[in-house]
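J.: Here it is, the structure, as structure tokens.
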Amino acid sequence: MTLKATLLAGAVALAPMAAAADMTIGFSQIGSESGWRAAETTVTRQQAESRGIELKFADAQQKQENQIKALRGFIAQGVDGILLAPVVATGWDDVLEEAKEADIPVILMDRMVDADKSLYLTAVTSDLVHEGRVAGEWLAEEMAGEPCRIVELQGTTGSSPAIDRKTGFEQGIADHDNLEIVRSQTGDFTRAQGKVVMESFLKAEGGENICALYAHNDDMAVGAIQAIKEAGLTPGEDIRIVAIDAVPDAHLAIANGEMNATIELTPNMAGPALDALEAYLASGTEPEKWIQTESRLYTGADDNMAVYEEKKSLGY
Amino acid sequence: MALSHAPLRRLAPQLVILAAVLLLNLAVFPDFFRVEFQNGRLFGGIIDVLNRGAPTAILAIGMTLVIGTRGIDLSVGAVMAIAGACAAKIVTDGHGWGTALAGALLAGGLCGIWNGVLVAWLRIQPIVATLVLMVAGRGIAQLVTEGTILTFLNEGLIRLGSGTILGLPVPVAIWIALGAAMAWGVRRSALGLLIESIGINAAAARLAGINARGLLVCVYLVSGLCAALAGVIVAADIKGADANNAGLWMELDAILAVVIGGNSLLGGRFSIIASLLGALIIQSVNSAILLSGMPPEFNLVIKAVLILAILVIQSPRIGHWIYILRASGGDPAPGRAPRGGAHAKETAR
């Protein structure tokens, strides 16, 4: 996929908001299985409110049938547009067809579906491979040619974020022979496993032989930080730590100097989605079929304490 | 009381297997047995096994008693999540760690009594009765944490998970002390025998004057309390209550520990020490997988193969073959049949 084109499309987010009075949008959310998802819901509500859009919210509690019901409900109510965070990729053709016949644009958020591209207006997602690549490139720049033995905490084995973030990171460090991944094991995206697996890395490699940790999400990194401390090392200095997601606790860890960098998986998918929808409804502008959200890099140079305070209230 | 000959014979298979798995660790990581004292705590591969095995070991204590009554407690993983969530909620509301621990144990105790009442009074089959809380419990925990990872900075509570006593991690001290106390308690009193009698024949036990209902509730209560303690340790270890993941699938590890400990799921004779060894065996297997540096895609396959091998070696039929081989080989009288074989006959009767 062409990265530049999509980045350009993402820049639409910065365009001034169109005034949209009396607009009603339906939002079918997967559920609230993670802090990030809760934050996404909060941000979507905030985005709708700041634009004066009435948001009809439906929590599907992880069930596709609930989402399909919610979508049919939205269509019956004749909303102006639908935001859909699909729980699974397949089985959407019929209901998307119904929305299309009713002339209601559907925007996918955060995940894709296996359906014909003409059935939805656009999809707003992050690029998981790109996130990994940003992490790898950051580390390559940080090490500036110094040799570095990296340990990697993978996400749940076989899950697409784990596969893509691993691939991306490997791409990011591919041109740097000084960087080498010496151990890679799954920490199941959880704090507890992140800590356990980091303990084993520290034993097996020897803490002084590890120069950096790359974790597929912040929770595992936060767990690993504790393991590093208990091993008598200083996280952030003895072992550099880069992870993905930018949850509030990661900002706190960076502010405390215990972590070096995190790449944001923004909970603000609704911003670009509503921009595209408003432009489409106002002037019929067809957006790109894929809007990539920004994968922003946060390091110690940013005011992480301020971001932490800001994000804390989003429901992470 | 010194370990006499008979208990040692009972524990022999578990001890041999544990030694073998520890040697496997040594093979993949030569420094496995090296223990250093650094940063005020013991540090080494073997210490990790003891420390990381703590939640499974504590769960296995309660689970052994439940399985001894021919029951099973599937809810322990969810109860861990509830207890961890309660403890975190209490300290973030500004109370002390003692209150938090008490609150968590209270929550776990209530869960245990709930299970006990369903099983003992309403006569619902244990696997179904405890399934209710297994499914609902995680939801309850999420209600307590409001869906977030509830983090805390209370030093006292954190010490329960990652502090040390004389250099030994606190969870290790807790499970060894609790295991020893329970194993001693049930064997120095008639309690163990009474629990076993319910497992072998509940009706006969009741007719013999045993308060089977009361005892059943107590057994599930103990299991709930053990789960609560394990839940607090797990939350304290990561300084946060993760309702989605704390104790996830731990009930299966606890049951597996009891089974590897040579205890029959059909109830009757049980050994808490053997279950604790079972928990250590499971953790040693986990440790070997992590230290080996194999790609994570192999984790579950390796674990399954090792566990299968352990269970096959322990199976009554294999035990009987070994007995026959030894007897026919003119080996000096092996005494009596290995426990597995004897037990199989006992239950078949």
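Each residue, glycine too, has its Cβ placed from N, Cα and C.
Unlike curated records, TrEMBL annotations are generated automatically.
Here the structure is a predicted model, which means the values were calculated and not measured.
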J.: In TrEMBL, which of the ranges B:49-68, B:329-348 has the transmembrane segment annotation?
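T.: Matching range for transmembrane segment: B:49-68.
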J.: Taking the transmembrane segment (B:273-294) as the first stretch and the transmembrane segment (B:49-68) as the second, find out whether 3 or more Cβ pairs fall under 8 Å, excluding pairs closer than 6 in sequence.
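T.: Yes, the transmembrane segment (B:273-294) and the transmembrane segment (B:49-68) are in contact.
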J.: Give the one range among B:12-29, B:49-68, B:99-121 whose Cβ atoms make the most pairs under 8 Å with those of the transmembrane segment (B:165-184).
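T.: Highest pair count goes to B:49-68.
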J.: If you count every Cβ pair below 8 Å, which range out of B:12-29, B:99-121, B:127-153, B:215-236, B:248-266 shares the most with the transmembrane segment (B:49-68)?
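T.: Result: B:215-236.
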J.: Of the listed stretches B:12-29, B:99-121, B:127-153, B:215-236, which one has the most C-beta pairs under 8 A with the transmembrane segment (B:248-266)?
T.: B:12-29
J.: Restricting to CB pairs under 8 Å, which listed stretch, B:12-29, B:99-121, B:127-153, is in contact most with the transmembrane segment (B:215-236)?
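T.: Per the Cβ under 8 Å count, B:99-121.
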J.: Let me spell it out: take the transmembrane segment (B:127-153), skip the flanking residues so only those 6+ beyond its ends count, and list any with a Cβ under 8 Å from a Cβ in it.
T.: 72-75, 77-79, 81-82, 84-86, 88-89, 91-92, 111, 114-115, 118-119, 239-244, 246, 251
J.: Checking distant contacts: for the transmembrane segment (B:99-121), what same-chain residues at least six beyond its ends satisfy Cβ-Cβ under 8 A?
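T.: Long-range Cβ neighbours of the transmembrane segment (B:99-121): 71, 73, 75, 79, 82-84, 86-88, 90-91, 129-130, 132-133, 137, 154, 157, 160, 212-214, 216-229, 231-232.
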